[in-house]
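For reference, TrEMBL has these:
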- B:21-41: transmembrane segment (TRANSMEM)
- B:115-132: transmembrane segment (TRANSMEM)
- B:134-314: domain 'ABC transmembrane type-1' (DOMAIN)
- B:182-207: transmembrane segment (TRANSMEM)
- B:260-277: transmembrane segment (TRANSMEM)
- B:297-319: transmembrane segment (TRANSMEM)
- B:328-347: transmembrane segment (TRANSMEM)
- B:408-431: transmembrane segment (TRANSMEM)
- B:438-455: transmembrane segment (TRANSMEM)
- B:496-675: domain 'ABC transmembrane type-1' (DOMAIN)
- B:505-531: transmembrane segment (TRANSMEM)
- B:543-571: transmembrane segment (TRANSMEM)
- B:623-648: transmembrane segment (TRANSMEM)
- B:654-675: transmembrane segment (TRANSMEM)
Amino acid sequence: MKSLGFGLVLSALAGPMTAAELGAVDEPIKLAINEWTGQHVTTHIAGEMLKAAGYQVEYVTAGMMNQFQAIGDGDVHATLEIWSSNVSDEYAKQVEAGGVVEIGDLGLDAKEGIAYPAHVAEICPGLPAWEALMDCAPQFATADTIPLGRLVDYPADWGTPGADRMIGLALPFKAVPAGSEGALITELRAATEKKSPLLITFWQPHWAMSAYDVKFVDLPVGNEDCFTDPAWGPNPDAVNDCDFAPSRIFKAAWSGTEEKWPAAFEILSNYQLSVEDQQPMMGAIDVDGGSVETVVAEWMAANQDSWRPVVDAALN
Amino acid sequence: MTTAADPVSAARARLTPGAQAALVTVLVGCVCLLLGPNLPWLTAWPAAWTAPATQWVGVGAEWFLNAIKPAARGFSEVLRFPMDWANFVLGATPWPLLVGGATALGWAIGGVRMAMLGFAGLSFVLASGYWAQSMNTLALVAVSVPLALLLGGAIGILANEFTRIRGAVQAMLDVMQTVPTFAYLTPLLLLFGFGPVVGLIASAIYAAPPMARNVMLGLERVDAEIKEAAVMSGGTRLQQLFQVEIPSAASQIMVGVNQCLMAALSMVIIAAVIGGFDDIGWEVLLTMRKAQFGQSLLAGLVIVAFAVIIDRMSAALALERRRYDPRVAYSLIGLAVVFTVVFWSHLPDPATFTLLDPLAAAVDHGLGAFTADNGARLDAIKNGAMFYGLLPLKIGLDDAVLDFTWGFQWTAAMSLALYALALVAGLLLALRERLTGGLLLVIAVGMLETGIANLPWPFVLTATAALAWVAQGRGFAAIATGLLLTILLSGLFERALLSLYLSGAAVFACALVGGCIGLLCAVSPLAWRIMRPICDMLQTIPLFVFLIPVLMFFQIGEFSAFLAICLYAVVPMIRYTRHGLISTPGEMIEAATASGATTWQTMRDVRAPYAAPTILLGLNQTILYAFAMLVIAALIGTTGLGQSIYLALGQADVGLGLSAGASMAVLALIADRLVQGFAEERRRALGL
């Protein structure tokens with residue numbers, strides 16, 4: 001709740017505090033529903049806030065990578081959880097073309113890193129210190145990577161941060177791109193079931209963090225120099241010898257939204273959600289089997305204080 | 001003319017085309033092998049020689065797409081009407097009416113069996129809890145199929161009327177079927193805007209070719225006398241076509257309709273990748289993402305249920321002439337109406353049906369338990385297959401045989417010994433009048449030693465050209481070489497070789513395993529009764545669903561991709577092998593039995609040779625299927641063209657997507673034509 005409050009103060013300072021017109025309340029505002037549960041939670045809360053302000057809202061399923069064309073064309077009006085770590089080039093193109101505008105950070109503190117399911121600590125006792133991986137590598141070797149250890153990296157279209165770390169820190173691991181998020185989760189599940197070794201590039205907030213008891217490897221804390229100056233960090237010959245750069249999670253809207261639904265635009269721009277709020281809801285849906293609508297409705301009822309002010313600020 | 005030329009031409013006359021082709025290939029291979037170490041450009045195509053073709057394609061395509069965008073957007077607006085309408089009708093109709101309607105339709109088409117099928121199928125959909133999503137999917141199919149039928153029919157009729165364009169039309173149909181849909185999703189999205197219309201058009205593009213092919217075939221086969229009769233009775237060309245020829249070709253055209261329906265249904269999941277539509281494909285994607293095998297299998301089986309109903313009913317419509325008493329159908333519908341009205345206020349929301357959820361959970365749990373119990377065994381299988389099969393094939397014995405794989409290190413001396421052995425064996429074969437076989441053996445050993453992914457490009461070009469020349473003649477050899485050159489120039493050759501290796505290995509395994517299963521099914525009706533529903537399921541369930549168990553067992557990597565491809569591509573091999581073996585004419589078998597042949601002798605000496613062209617056709621389909629699955633296999637982390645296409649989809653890179661898709665189509669087309677050429681030759685040899 002703390003970071004949410006902080007976010008609200010920030011946005012209150014930054015955003016215009018004047019009351020805005022409601023605009024076209026008869027036409028539904030279309031919000032993009034992407035492929036993962038956290039995004040469903042984020043979007044449904046925003047949608048309920050808009051409904052509380054008197055708007056009609058429609059949730060439209062849209063592929064994360066392909067949604068920006070739709071937003072640029074005004075077929076979808078906002079998408080509320082874009083990860084800078086795997087945003088497609090299409091986004092930049094659409095922003096440049098003027099159809100899509102960024103509407104600020106979501107306030108979700110994401111962490112990416114090299115991770116492992118908890119049982120792997122028994123196979124490689126030095127974990128979570130990254131130096132332990134130097135000697136454990138053969139334990140992680142498979143037929144595809146022998147003699148190197150195997151790191152399951154992000155799908156190729158999200159970039160290769162895991163491979164960059166292995167090279168930067170001179171770890172004897174070969175990064176294998178996962179192909180899809182489903183493949184990453186399947187790897188986690190199989191390793192947990194079989195109690196077999198697994199090193200994986202992963203992120204939070206994600207429901208699998210708790211479901212499979214995933215831990216992050218402690219990598220050297222870095223700064224800007226780590227990514228530009230080879231001399232910096234434990235490996236004097238390479239860049240990237242430090243932890244992941246924090247990834248930004250932000251929101252974007254169709255450029256016509258501000259004019260058509262001024263108050264809605266303000267609500268969406270000022271909308272914030274924290275990991276502490278989102279992660280339990282993800283668990284309630286993916287692990288306990290609740291529906292997005294009921295879980296979000298319960299949270300909305302119990303946490304009036306955290307979202308109501310944003311709606312009121314835009315209306316009054 | 002001169003005496004010196006005579007021995008040469010005499011020698012040439014003795015060499016069969018196959019031997020000549022193999023000889024040239026061996027020579028080029030030797031040159032590459034000997035000069036390769038000193039001339040690096042022989043082994044790997046230098047980057048400096050590639051043109052930024054993907055960028056050109058990207059710029060060109062985007063310019064073109066933007067030019068026709070307004071027209072496309074208009075078309076997409078028009079299509080939105082039937083789409084919304086179908087969606088509304090199917091979504092708003094109470095479920096008892098649809099279940100009753102399907103049962104009644106089943107009765108009218110095929111009596112009790114079809115009625116049972118319709119009822120059971122839709123009841124399964126209802127019980128799965130995915131009713132609403134299924135109706136959305138059905139709406140998509142309901143609009144895309146007429147579109148595909150219209151498009152395919154028009155293409156077929158045009159090709160029939162203007163014989164001169166027939167070659168071009170065939171090539172276009174091949175391209176429509178072999179360029180992976182993922183490759184052109186991005187351009188379609190740009191053109192038609194976001195929403196289900198893109199999926200609709202993609203599936204129409206994919207589903208039209210079977211319709212067109214069958215229309216062409218049907219019209220071609222109309223008896224000359226019938227056509228003449230139409231001409232003599234003074235009909236205009238249009239009258240001849242629509243009142244005589246098309247009705248005569250009706251049964252062949254119905255086969256096309258059936259194939260078109262199945263193809264459209266198999267594209268449902270692709271449409272979901274874009275989204276904009278809460279359909280069953282989206283549900284499969286969501287559950288896939290969470291690695292919930294049970295749930296994604298359940299959602300996938302809903303598609304299978306639709307496919308089986310549509311397939312069996314449209315097949316019955318095409319084949320069976322008998323019609324059943326319509327009064328039964330009317331009373332079934334009446335019953336459904338009465339049921340709906342009586343229970344109107346008590347009709348439960350189909351979304352609340354969770355009858356099958358425990359089953360899905362149990363399947364999911366069972367998969368986990370199996371993986372946990374058999375982890376070591378599964379790893380051993382995977383390592384064995386990788387070390388002794390896939391790795392040597394990919395990177396050659398030279399690189400694959402290492403201390404920790406085979407227990408010893410491959411040395412240059414071993415390479416020499418292997419080559420010497422191959423040469424001796426080749427010579428022995430040549431001396432026994434089997435020169436082609438000997439040369440092929442030498443080529444195979446050379447390829448195994450080098451590895452498919454490391455093959456020098458001059459060798460690949462020559463070998464392809466040689467094969468093409470033997471299979472289809474000089475013209476096709478030139479075309480094949482030209483097409484391969486475009487891949488080289490666009491810098492995608494390395495990835496193409498990786499794709500070739502993976503699909504090649506899969507096709508080989510499928511031919512072996514599928515052939516054996518097909519043979520078994522041909523001799524034992526029981527085996528076929530078991531295999532048939534499995535084949536149906538493998539062909540219509542969204543391919544994604546296979547990926548979860550395969551990944552659970554064998555992790556991300558080439559072996560998993562290999563298995564996933566095999567699972568899908570083995571089906572046509574089974575079907576065609578069985579079909580070929582059981583359709584040997586009765587007289588031939590009687591003759592064999594009369595001369596005292598045992599069952600197995602008949603199989604080997606009579607049925608198998610007779611079935612060869614059909615089996616080759618099955619192999620051809622297996623190859624096409626393997627290429628189609630390559631793109632899906634990229635989701636579990638393969639390299640090669642499939643990954644490029646998927647990457648391009650993610651980054652909305654039109655140029656890379658189209659180029660990689662085209663390269664994939666080139667490989668598939670060449671393989672297709674080669675096999676067809678050999679099948680044609682066999683058929684001629686058999687006098688068919």
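Just so you know, glycine gets a Cβ as well, placed from its N, Cα and C.
Curation does not apply to TrEMBL; its annotations are automatic.
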Outside the transmembrane segment (B:623-648), six or more residues from its ends: residues with CB under 8 Å to it: 177-178, 180, 182-183, 186, 492, 495-496, 498-499, 502-503, 506-507, 510, 543-544, 547, 550-551, 556-558, 560-561, 564-565, 568-569, 571-572, 654-657, 660-661, 663-664, 667-668, 671-672, 675
Other same-chain positions with a Cβ less than 8 Å from the transmembrane segment (B:21-41) and lying at least 6 residues past its termini are 15, 49, 435-436, 439-440, 442-443, 446, 450, 456, 458-459, 462-463, 466-467, 469-470
Could you tell me what the rest of the chain brings near the transmembrane segment (B:328-347), counting residues at least six beyond its ends with Cβ under 8 Å? 94-97, 99-101, 103-105, 107-108, 115
What residues elsewhere in the chain lie close to the transmembrane segment (B:543-571), defined as a C-beta under 8 angstroms and at least 6 residues from its ends? 269, 284-285, 288, 291-293, 296-297, 300, 367-368, 371, 374, 378, 381-382, 385-386, 390, 394, 502-503, 505-507, 509-510, 513-514, 517, 535, 622-623, 625-626, 628-630, 632-633, 635-638
